[in-house]
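Participant: Take a look at the following structure, please.
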Amino acid sequence: MHEEEIYTSLQWDSPAPDTYQKCLSSNKCSGACCLVMVISCVFCMGLLTASIFLGVKLLQVSTIAMQQQEKLIQQERALLNFTEWKRSCALQMKYCQAFMQNSLSSAHNSSPCPNNWIQNRESCYYVSEIWSIWHTSQENCLKEGSTLLQIESKEEMDFITGSLRKIKGSYDYWVGLSQDGHSGRWLWQDGSSPSPGLLPAERSQSANQVCGYVKSNSLLSSNCSTWKYFICEKYALRSSV
């Protein structure tokens, strides 16, 4: 009887099976949570490292792209300068050919200037009776062994404008002055620059290339593709006496 009471007492003091299972279950959950947290941290660190790596690579690619773009811009500028230089050389070549043709034809001609040309000192001028764009006007003058008018001084400008008033009045006449839209320089056909007092008074802002023309007493500028009269010029034949 006494032993049964002791056994009952011991059995009552021992923990219940449910409580022990709960503790085991609680310990298992805590370990799983820690494992998940560790894996999450490792994954986040991996993402952060990958993001930094990709960011560095993107920066490198952007830098290379900017360098390539700068090189491309420089190459385009070099090509543009070469094209302008080639065009200038072609114009000077045509100018030299026209000068030689004029010299040869003058050797067989007794008068200082051809018919329908106006003489002023050492130059002969032809005032066209047709309209054309600037480049076509240039070609028409070359066919006559001359070039578009190149005004060297204010005295020559006064003679031209005075003669035009007597011939046709106030019209527009192309001269051999042009300005490229990229370089912005005014140049005569022989590659020389006009004197500051003979620069055009106004410029068309909408055109890629503008050319000079004479109207009344002024030297102005306009789109080279517009239609105007033109003035040719060549050297007068010197007397062989």
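Cβ atoms are placed via backbone N, Cα and C, with glycine included.
Since the structure is predicted, the reported quantities are computational estimates derived from the model, not experimental observations.
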Participant: Name the residue among Asn81, Asn109 that Swiss-Prot annotates as N-linked glycosylation site.
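Facilitator: My reading of Swiss-Prot gives Asn81.
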Participant: From the candidates Cys96, Cys124, select the one that Swiss-Prot records as forming a disulfide bond with Cys113.
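Facilitator: Within the candidate set Cys96, Cys124, Swiss-Prot assigns the bond with Cys113 to Cys124.
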Participant: Would you mind checking which of Cys141, Cys211, Cys224 shares a disulfide with Cys232 in Swiss-Prot?
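Facilitator: According to the record, the bonded cysteine is Cys141.
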Participant: Out of 5-10, 149-154, 167-172, 233-238, which range is noted as motif 'ITAM-like' by Swiss-Prot?
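Facilitator: Going through 5-10, 149-154, 167-172, 233-238 one by one, Swiss-Prot flags 5-10 as motif 'ITAM-like'.
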Participant: Of the cysteines Cys96, Cys224, which is paired with Cys211 in the disulfide recorded by Swiss-Prot?
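Facilitator: Of the listed candidates, Swiss-Prot names Cys224 as the partner.
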Participant: For the domain 'C-type lectin' (120-233), what are the DSSP-based totals of helix, strand and coil residues?
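Facilitator: Taking each residue of the domain 'C-type lectin' (120-233) in turn, the totals are 27 helix, 39 strand, 48 coil.
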Participant: Have a look at the recorded positions Asn81, Cys113, Cys124, Cys211, Cys232 and say which one has the shortest Cα distance to Asn223 (N-linked glycosylation site).
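Facilitator: If we rank Asn81, Cys113, Cys124, Cys211, Cys232 by Cα distance to Asn223 (N-linked glycosylation site), first place goes to Cys211.
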Participant: Going by Cα-Cα distance, pick out whichever of the disulfide-bonded residues Cys113, Cys124, Cys211, Cys224 is nearest to Cys141 (disulfide bond).
Facilitator: Cys124
Participant: So among Asn81, Cys211, Cys232, all listed as recorded positions, which is physically nearest to Cys124 (disulfide bond)? Use the C-alpha atoms.
Facilitator: Cys232
Participant: Counting every protein chain present, what is the number of Cβ atoms, excluding its own, within 10 Å of the Cβ of Cys224 (disulfide bond)?
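Facilitator: A count of 23.
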Participant: Could you check which of the recorded positions (Asn81, Cys113, Cys232) sits closest to Cys211 (disulfide bond), going Cα to Cα?
Facilitator: Cys232
